[in-house]
Amino acid sequence: MSNLNFPYSLKTSSHGRDFLLEFPTSGFQSKPYLPFSRGYRYSSGLIVRTQTLVYASSLSHGRARIKGPRVVQFVAKAQPVAEELVEQKSKDPQTSGDSIRQRFLDFYAARGHKVLPSASLVPDDPTVLLTIAGMLQFKPIFLGKVPREVPSAATSQKCIRTNDIENVGRTSRHQTFFEMLGNFSFGDYFKKEAIKWAWELSTSEYGLPADKLWISVYQDDDETFALWHDEIGVPKERIIRLGEDDNFWTSGATGPCGPCSELYYDFHPERGTYNVDLGDDTRFIEFYNLVFMQYNKKDDGSLEPLKQKNIDTGLGLERMARILQKVPNNYETDLIFPIIEKAAELANVSYALADDSTKTKLKIIGDHMRAVVYLISDGVNPSNIGRGYVVRRLIRRVVRTGRLLGVKGDGMGDLQGAFLPILAKKVIELSTNIDADVKTRASRILEELKREELRFVLTLERGEKLLDQMLADALLNAQGTETAPCLSGKDAFVLYDTYGFPVEITNEVAEERGIGIDMNSFDIEMEKQRQLSQAAHDTVKLGIENGANLAEDIPDTEFLGYNTLRSKAVVEGLLVNGSPVAQVSKGSEVEILLNRTPFYAESGGQIGDNGFLYMMEAENEQQAIVEIKDVQKSMGNIFVHKGTITEGMIEVGREVEAAVDANLRQRAKVHHTATHLLQSALKRVIGQETSQAGSLVAFDRLRFDFNFHRPLQDKELVEIEGLINQWIGDAVILETKVLSLTDAKRDGAIAMFGEKYGEQVRVVEVPGVSMELCGGTHVSNTAEIRGFKIISEQGIASGVRRIEAVAGDAFIEYVLTRDNYMKQLCSTLKVKAEEVTGRVEGLLEELRLTRNEVSAARAKAAIYKASTLSSRASTVGTSKNTRLLVESMDDVDADSLKSAAEYLVDLLKDPAAVVLGSCPGDGKVSLVVALTPGVVDLGIKAGDIIKPLAKSCGGGGGGRPNFAQAGGRKPENLLGALEEAREQLKNLLEK
């Protein structure tokens, strides 16, 4: 900075993002004028502080004058200065979000924990809609349903919670998307180690001052209190006992539970230790929660000790980043703030200079953009149900918030563009160490966001205007009735259903104007959607199920089905209606648990095998036969064979012979391998960014869902079929191997949508074509597939397409069936197969011409009939010069009725009004209202006449002011409705 001829200092602000220019004001008769434009890189703005006033601008090239008798000029060489200052004040790399995450994982890896990847945001758990906690992927272990694979683990888990969405941006800590760092013990270590390591991580690894840390414990947990005080040395006055609501974790009405202990950071220790409230957000932030899972809560509410005591912890990454980076809230950490800065740039505002309302909006955008990018990456596309509704709601909240900030179009000059993809690029740029797969899915994420934003914008403006009017009406009604203003639930539903306004957005806008919403009536209008929209639970339910006790005594089922379709096995358990029994007799439905089995249990999209179980007596005589119709996995890796006893009686402990239906197994193998070939063909034809979104491998067909934004063209489908049939003809030998998950992904193996994988995975490779992680059954050579045919391609949700196809025997059956249809068609039409298309086109043309002739004849007949009715017209009106004709024309069809009405208004001359009705058959009603210009000029509209008429006949319709048509389903009401229309028109014309 040069030519500044008064004392000054230039330095970074306390949180390192702004620049402070400080100088005295003595001798200045008026405030300094600093006309700078927006700033550079990490600076949101330049804060200019004087002894009495604070002025704000941004650092840039510019000239400043101080008005008055003393003039000072200077030139700020902004960019070099800004970059130099940023360089000098660059953040400690040890406090970056990426560093905090890695240091946590390294810390626990050094203490024997296995570092595991984050699970998907789409959980493999029907009790929760989205992954809302780090422990969710370990739920089966905590329940004892599956054995632990490692004694302890550490993760950085992506999480989504929307239950506190209204607090996002308003508080310093609420987010919808966040990362939960966690260390977990599965019967390995317990309280003493968990507390010791949590303290060591916080004070030694992260360097938090010990005197700024407070601890909460459960009110009756003296053991934990003693560990913190006696072992760690935390003063008693900084250990707070809290009640069950705060510090006793439960998974539900029954199941695992236990006390917890939390670590808090104190931003203002100078306030002392008297009468402290750990819930005071202005002073404290909870950053680490330790759950000591030591009890099982029984049906009667009593607690019994768990055989295996577990540790479940959670450390909020964004919260720790806020503490270490010394910023006032989670949003200004390097995990979120770059997104906020990009949003501020698009809105042409400065975050540092913004008022609280603007900052809140920018924070909402920064938070929600992370959530939608990671949700779409994990396969959740916008829709009106379930997880898709969560994404749509967040996207639309960002779009509306951006518009409130003044973002037009893409924010960069294209008024028809979308700004969400621009923000998403920043999120994707920051994703490398959170989820590496996000970058590989970038093009799909950007396309989906663009499509959803532009779709919403089409109706947003009209919806906003309608909402404004609705709110104005609500205020007016409240003034008239002297009641609190309230928007009706029906109006809120119209905004949701027609204009795509999530009711939460409508509620926010209404609250801004002091208006409530009648949510009871809204719930009545759309109960199902409401339930789904609020299904993102904020707790993880861990209920001990009936089968869990049985599972304790039954080992995992050994699967033999890769190598054999027939084997001996021992009956380990029998279940009837979910309850264990010792024996089951003929005619009963039963679930059978075996120690080993050749039956494939449904997983990875492939349905379970069918077949038989045979229990033999001495000398190999059959004692019992069970027909197996389904096989499912339960409680980890226990196979449940579901079937019906067709002969004899089956007992626990007896040996059986298990036999899989070989024909059905072969059909499943063919379709499963064909599914792998289909995914590879899709990637080659429409792009590598497409990904699987679900599948079904059945005996009679395969179904493959994939992410794509448009219908496939016929030529693309032909190309896909051609590739697959070429690979089938190449007779490629499949290769199957077991690798570590890391090695398999490194080799390029594709993971299946929604599947969970252990440390060791099975890789199925069609050399040169595909490589996937898959536990399903497959052919040994692609030639076994014999042929492949796509039978349908359609959209099933926004951005998700579905292909159904057949292969192998199902392919042959499909072709033979279609060939038989063709032979019948050729026989009926008396042409060769290659001539069928031309013959059908000819017949259709003949049919079209015939229909036109029939329609013309009907119209002529209707006009002739109408001419006979014209004499029935009456004269009405004040001068008795308007002709009114209201008549029924029996069974005349809708088109002919229209022709008759047009003929009559011409015949009767202006001014005239014609109302006609008919019952063309099948319980239908046709209605027409035709008015001449002279009648319309009186303020009478055809649509206003036909609406009540149609309603009386059980239908609806509309049209132009001079002509309207409608239909109905109550022909018995036609004559009465026509009389009502006659009286209505007569009264209107005589006014």
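A Cβ is built for glycine as well, from the same backbone N, Cα and C atoms used for every other residue.
Range with TrEMBL annotation coiled coil, chosen from 49-76, 385-412, 609-636, 833-860, is 833-860. Close to H778 (Zn(2+) binding site) in the fold, though at least 6 residues off in sequence, lie K669, H672, T673, H676, L734, T736, V764, each with a CB less than 8 Å from its CB. Per-residue pLDDT, averaged across the domain 'Alanyl-transfer RNA synthetases family profile' (95-817), gives 88.
Summary of the Zn(2+) site environment: with the site residues H672, H676, C774, H778 set aside, the chain residues having Cβ atoms within 8 Å of the Cβ mean position are K669, T673, T675, V697, V764, E772, G776, T777. For the binding-site residues listed here (H672, H676), the lowest count of other CB atoms within 10 A around the CB belongs to H672.
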